[in-house]
C-alpha cells in the first residue's frame, strides 16, 4: 500500500514537472500590438520620440483645433490623473490586504500547529511560503516575464527616452500585482514598494493608450494621447502615485518622481503629479478606515507603511551627533557593498543561470524560499526566551497568537516570556519594522539577536534580489538599516546612561542611512521618512545621515537603480555629461559614419532597399534648391516610412514634387496613422508586401518630414550637444557645417508676448525693434526656400 502511494506521488511530481514552462515555451513574438517578448522578457530597446514631429499632417491637425479642443485636452489630462490615482490606490489596497491576510493565515496556522508539534509547524510554514513563491515565479516566467524585479530601472529608462518592450503591458500589470502578493506574502527578503511604482506606471500607460486591445479592454474615447510626450507625463504621474501608495507619502511621491526617475520636468506636470498623489492618499486612507471595522480579515493596523514614532525621542544632545554620523557612514558602506554584491550576482544570473530556461528560474526561487523559511523558523529556536517587561508598558506581552505586534512567544517554556528573534522573523516586514521603530521598548532585543538577524537578512536580501519574481528593495533596506541602527542605539543608551534616548529613533536613522547609501536618494527619501514616521522633529537628523551615507556610497559605486539599469542594457543619459565630452566636438562624435538619406521624391524600391540595409530610425531628406545646391529639408522617421509603404496611398507615377504652397494638397493620412503602439515593435520591414509595379512608383516625402529638426554646428562641444539632447528628450540631432550667414537673431524679448496680442504689439519691444522685426520677417520669407547646408552627420 505504501509503495503504491509513493509511486503515485512520484508520477504526480513528474507530471507537474513536465508542465513547467521551458525557455522555448514562451514564444519570441505573440503577433499582437503588445509586441514580442522572449523568455527573458526583453529583446532590445528603442528610443522614444519625445520631439514633436511638425510635419504637414501635424500642422493641419493643429490648425483645425480650436480653444474648445484645448480645454477638452487639458481636462482629459486632469481626469486621467484622477483615474491613475484611483487605480494605483486600489492596486495598493489589493496587494496590502492580500499580503496581510496570507501572512495572517500562515502565522495563525503555524502557531496553532506548533502548540502540538514544532516539526509539523515547520513543515506547514515552509509549504505555505513555498506555495506562494511558486505561484509568483510561475506567473512571471510563463505569463509576464517583464514583471520580474522592481521595474524602477526600466521605468527610469522609459522616462529617460528608452522603450524597453513589454514593461508597460496589461499582462505585466497583472503579473506585477499577483506576483508581488505571492513573493511578499511568501516571506522572501524583498518588498512590494518598487513593484507598486511599476504598477502605477503600467496603469498610467494603459490609460494613455486607451486600454489593451489584445484583451478587449480598450475604449476609443480614451485614445486621445497620440504622442510619447503625453504618455511620458502620464507615466510620471503613475510613478509618483506608486510611491504615494506604497508609503502613504504623497509629497514624497512627487519628489521621488522629480529626483529619481524623470529626466524632464515642468510646472504643469508638477501640479498633475501632486494631484495624483493626493488622490492616492485619499483612496488609501478611505480603505484603511473601511478595514478598521474588521471587514478585511487579518488586515489591521499593519499593511500600509506608516510607523508612528511621534511618542519617541523628543530631543537630542550634541554628543549624540557623533554616533548618528557613524550610522551614516555604516549605511554608506553597507549600501555600497549591497549594490556591488547584487550587481555581481545578478550579472551571473542573467548571463549563466537564467539562460538555462524557466525551470531553473522556478527551482531557484523555490530553493531560496525554502532556505528563507529554514532560517526564519530555525534561528529563533536557538535563542533563549526573555521574561516580559513590567506590566506598566503600553504594549501587550506576549502578543496574542495570530496577531501582529511585539513580544512573540515562540519556543518558550513560560507563557510570560517572549523570543526577541522570533519577534522580528514572525511578522510581516512592515510589522517587524514597526517593532524595531517602537518607543518605550528598551532592552526588548538583545545585541546578539539583532546582529544575527542583520547578517542573515542582509545575505538573504542580496541573494533574493534578481530572482524571477517582483522584488522591491525599499522595505528590505529599511529592515537592514533599522537593525544596525537599533544596535547603535543600544550602545548609545549604555554609553550615555540617559533615559530620554530611544533605540527606535536610532533604528529610524539607520533605515534612512542604508537607503541613502544604496539608492543615493536625498530629498525625496528624507520627506518619505518624515511622512511615514509622522515626526518632523527628526528631520535634521535624517538629513544628516542621508548626506553622509550618500557621500560615502558615491565614493565606491553608483546607486542601485543606475547599476541595475546598466546591467540590463538600458542606455541612460545621466544628468551630467562625462568629462571627456568637453574635449570632443559634434563632428568627432559622428566619426566617419556615412549618413543614409533620401531625396525628396524617391523611388519606392530605393526606400525599401535603404530600410533593409540598416536599422536607423531617422533619415535626413534632401532636395535641390533653385541654384542647384543640395539642401536638407527635414527629417523622416523609419516608422513613418513603413506606414507610407504599407498604405500605398501616396504612391505616384510621376517623379515630380508636390507644390507645398498649394492649398489643395490631398490629406490621405491622419496624425493617428503614424502613432506607434505603446511599448511595441509597431510595423517592421517584414510586414511590407509590395508588387513589382509598386516598386517602380515614387513617393514625395515632403508632406511627411519634420521640417524643423534640431541642428547643431559641427564644432559645438559634445557637452553642449549632450545637454541639449537630454533636456529636450531628443532622438536625433543633425550635425551641419558652420553656417555662412545669419538671417536673424532671437532674444528673450522676442519670446515674451501674450496670446491675445498680434505681431505689432509684442511685449517689451520698442517701435524701432518692431520695425526691425518686420524687416527681418520679410528677409526670412525671401529665404524660406533655402534650407540648411548639407549635414555632416546625424547624432542619434
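Every residue, even glycine, has its Cβ placed from backbone N, Cα and C.
Taken residue by residue, the domain 'CBS' (591-651) breaks down under DSSP into 20 helix, 20 strand, 21 coil. The domain 'CBS' annotation in TrEMBL covers 591-651 (among others).
The domain 'CBS' annotation in TrEMBL covers 705-761 (among others).
Look at TrEMBL and you will find 763-783 tagged as region 'Disordered'.
Summarising the annotation, TrEMBL assigns transmembrane segment to 69-97 (among others).
Taken from TrEMBL, the feature transmembrane segment covers 117-140 (among others).
Residues or ranges marked as transmembrane segment by TrEMBL: 234-257 (among others).
For the transmembrane segment (269-288), the list of distant contacts is 77-78, 81-82, 84-86, 88-90, 92-93, 97, 233, 236-238, 240-241, 243-245, 248, 250-251, 253-254, 257-258, 304: same-chain residues at least six beyond its ends, Cβ to Cβ under 8 Å. Annotation comment: TrEMBL describes 269-288 (among others) as transmembrane segment.
What TrEMBL records for 321-342 (among others) is transmembrane segment.
Annotation comment: TrEMBL describes 450-468 (among others) as transmembrane segment.
Sequence annotations record features per position, and here TrEMBL assigns transmembrane segment to 474-496 (among others).
Remote same-chain partners of the transmembrane segment (508-532), defined as residues 6 or more beyond its termini with a Cβ less than 8 Å from a stretch Cβ, comprise 243, 247-252, 255-256, 258-260, 305-307, 309, 312, 324, 327-328, 330-336, 338-339, 433, 437, 473-474, 477-486, 488, 538-539, 541-543, 545-550, 552-554, 558-562. Positions annotated as transmembrane segment by TrEMBL: 508-532 (among others).
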Most Cβ pairs under 8 Å with the transmembrane segment (474-496), selected from 117-140, 234-257, 321-342, 450-468: 450-468
Top Cβ-contact partner of the transmembrane segment (117-140) among 234-257, 321-342, 450-468 (pairs under 8 Å): 450-468
For the domain 'CBS' (591-651), mean pLDDT (0 to 100): 88
